[in-house]
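Chemist: Below is one structure. I have some questions about it.
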Amino acid sequence: QRWAKKSLRRMRVGDLRRERDSLIVASLTGAFGSSFLYGYNLSVVNAPAGYIKKFYNETWERRYGFSVDEGTLTLLWSITVSIFAIGGLVGAIIVTPIVKFFGRKCTLVLNNVFAVTAALLMSLSSLAGSFEMLILGRIIMGIDAGISLSALPMYLSEISPKEIRGSLGQVTAIFICIGVFTGQVLGLPEIFGQESRWPFLFGAIIVPSLIQAVILPFLPESPRYLLLEKHNRSQAEKAFQRFLGKDDVSQEIEEVLAESRVQRNTKLVSIIQLLRTRTVRWQIVTVVVTMGCYQLCGLNAIWYYTNNIFSESGIKHETIPYVTLSTGAVETLAAVFSGLVIERLGRRPLLIGGFGLMVVFFAVLTVSLTLQNSVHWLPYLSIFCILAIIASFCIGPGGIPFVLTGEFFQQSQRPAAFMIAGTVNWLSNFAVGLLFPFIQAGLQTYCFLVFAAICFAGATYLFFVLPETKNKTFHEISQAFAKRNKVTLEMQEMNHFPAERKSSAEQESNFTSSADNGESKKGIV
C-alpha cells in the first residue's frame, strides 16, 4: 500500500509539473508566432535593401522600357518600409471585436493566416516580377503585427499568476529582440543576404507561424475570458489547473469573481465609453504616454546611425554587418535581464530608470558625434553609447508598456485599452519614420537632443504618476489610481455597474446560474 501511495504521489507530481509547463509552452509559443515576427520584420528589410531596390528598378524597366528615376525609387522604398506601420494600425483597430468573438488564444492562431499570406506574397514577388506583391505583403504583415501585439500581452496577462505576471509579460519584449537579432543573422551574406536569396528572408516567416498554428490549439484559452465573458466556469477551472499546475484553484476563481462583482457587468466597453470613464482617466493617460515614448524615444534613430558610426570608428565596410550583430545581442540580453528582475525590482524603477539612462547616454552621444573628427578615440565612445542606449531601452521601456496596459484595466475594459495603446504605438511608429529624415537633416547630430527631451519628459511624468503594480491585483491597481482620478472607492465601484445594485451573494448566484445554463446548452448542442 505504501509503495502504491508513493507511486500515485509521484505520478500526480509529474502530472502537475506537466500541467504547469503548459504556462511556459503557451507563453513561448504565443510569443514565437507573434512578437518574434514583429521584431523580425523590423530588421529583415535592412540587409537586402540594395537588392530589393535593384529588383524594383529592373521590374520598372521591363514594364515601361526605361529605368525608374531616383526620386520614384526612393518613394517606392519608403512606402515599402513605412507601410508596415499602416498595416499595424489597421490590426490594432480591428483587434477588439476579434478577441471578443474568438477569444485571446484563437485570435493568435487565426492571425497566422495573415502571416502566411504575407510571407507567400513577399517571397514570390521576385519570381512573379511584381514589386506590388512585396508592398502588399508588408501591409498584411503589419496587420498581423498589430493584432498580435495587442492579443499576445492580453493573453499572457490573463493566464499568468500575479506573482510572475511581469516576468511573463516581458516575454513579448524578449521575443521582439530575438526577432530583430534573427533578422540580422539571416541577412548575413553567408545565409540569405545575397541577391539570389533575399526572397528566402521573407519566406522564413512561415516557420514560426506554422509552429504556433500547430501547438497553440492544444493549450487552454484564457481562464479569465472563459469565466467572465463566456461564463463557462468548468472550462475556466480546467484552464487554471493546467496553467498553474494544481487541483485547487478556488482562490483564483474567487479572485476573478471578486473582480466580476466589482464590475457588476462584464459587457465589453467601447473606446468612447472607456475614454468617458472617470475612474480610468489617468490609467489611459499613462498608457498613452508610455506607448508614445516607447516609439518616440529615438531607438529608430540609433539604428539609422549605427553603420555610419561603425564606419567612422575604422571598421571595414564588409565587417560592419557582423559588428552590427552586437547591437541585437545586447538588445536580447538586456530584455532577458529585465524579465528576470522585474518581479524583484518592480515595473516603476525599470521604466523610469531606463528612460533616465537613455537621457544621459543620448547627451554623451551628441557630444561624441559632434567632436569625433577632432578626437581619435571618440568614435569608440559613440559605439559604447549606442550599445548603452539599446540596453537602457530594453531593460524597461522596451517591454513594460505592454505589461502595464494589461495590468491597469478590468476585464471589460482591456480590449478597448489595448486598441488605444496599439493605435498610439503604430501612429508614433509611422510618425518617426515620416519625420526623422527631416529632423536629422535639420539638426544633424543634435537630433538626439530631441529624443533625450522626450525620454526626460516621459521619465518625469512616470515618476510623479505611475504607482508600483508588482504583485497587485487589477482591483488594487485601480484603487491606487482612485485618488488621482478624484473618485472615492465607492464611486469607483459605482462606475462599473448600473444603478440598480445587487448584493454580492445574489450577483455570484446569478453568475453561477449563467455559467450552469451555458454548460447545459453546450451539452444539449
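Every residue, even glycine, has its Cβ placed from backbone N, Cα and C.
According to TrEMBL:
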type	residues	note
COMPBIAS	506-517	compositional bias 'Polar residues'
DOMAIN	27-470	domain 'Major facilitator superfamily (MFS) profile'
REGION	498-525	region 'Disordered'
TRANSMEM	21-40	transmembrane segment
TRANSMEM	75-96	transmembrane segment
TRANSMEM	108-129	transmembrane segment
TRANSMEM	135-156	transmembrane segment
TRANSMEM	168-186	transmembrane segment
TRANSMEM	198-219	transmembrane segment
TRANSMEM	284-305	transmembrane segment
TRANSMEM	320-342	transmembrane segment
TRANSMEM	349-371	transmembrane segment
TRANSMEM	377-404	transmembrane segment
TRANSMEM	416-437	transmembrane segment
TRANSMEM	443-466	transmembrane segment
Chemist: If you average per-residue pLDDT over the domain 'Major facilitator superfamily (MFS) profile' (27-470), what number do you get?
Modeler: 88
Chemist: Cβ pairs under 8 Å with the transmembrane segment (320-342): which stretch of 21-40, 108-129, 168-186, 416-437, 443-466 has the most?
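Modeler: Per the Cβ count, the answer is 168-186.
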Chemist: Sort out the residues at least 6 away from either end of the transmembrane segment (349-371), same chain, that have Cβ-Cβ distances under 8 Å to it, and list them.
Modeler: 290, 293, 297-298, 305, 309, 338, 341-342, 378-379, 381-382, 385-386, 388-389, 392-398, 400-401, 445-446, 448-449, 451-452, 455-456, 458-459, 462-463, 466
Chemist: Can you tell me which of 75-96, 108-129, 198-219, 284-305, 416-437 gets the most C-beta pairs within less than 8 Å of the transmembrane segment (168-186)?
Modeler: 198-219
Chemist: For the transmembrane segment (198-219), what are the same-chain contacts with Cβ under 8 Å, counting residues 6+ beyond its ends?
Modeler: 22, 25-26, 29-30, 32-34, 36-37, 40-41, 44, 47-48, 51-52, 105, 108-109, 112, 115-116, 118-120, 122-127, 134, 137, 141, 183, 186-187, 192, 242
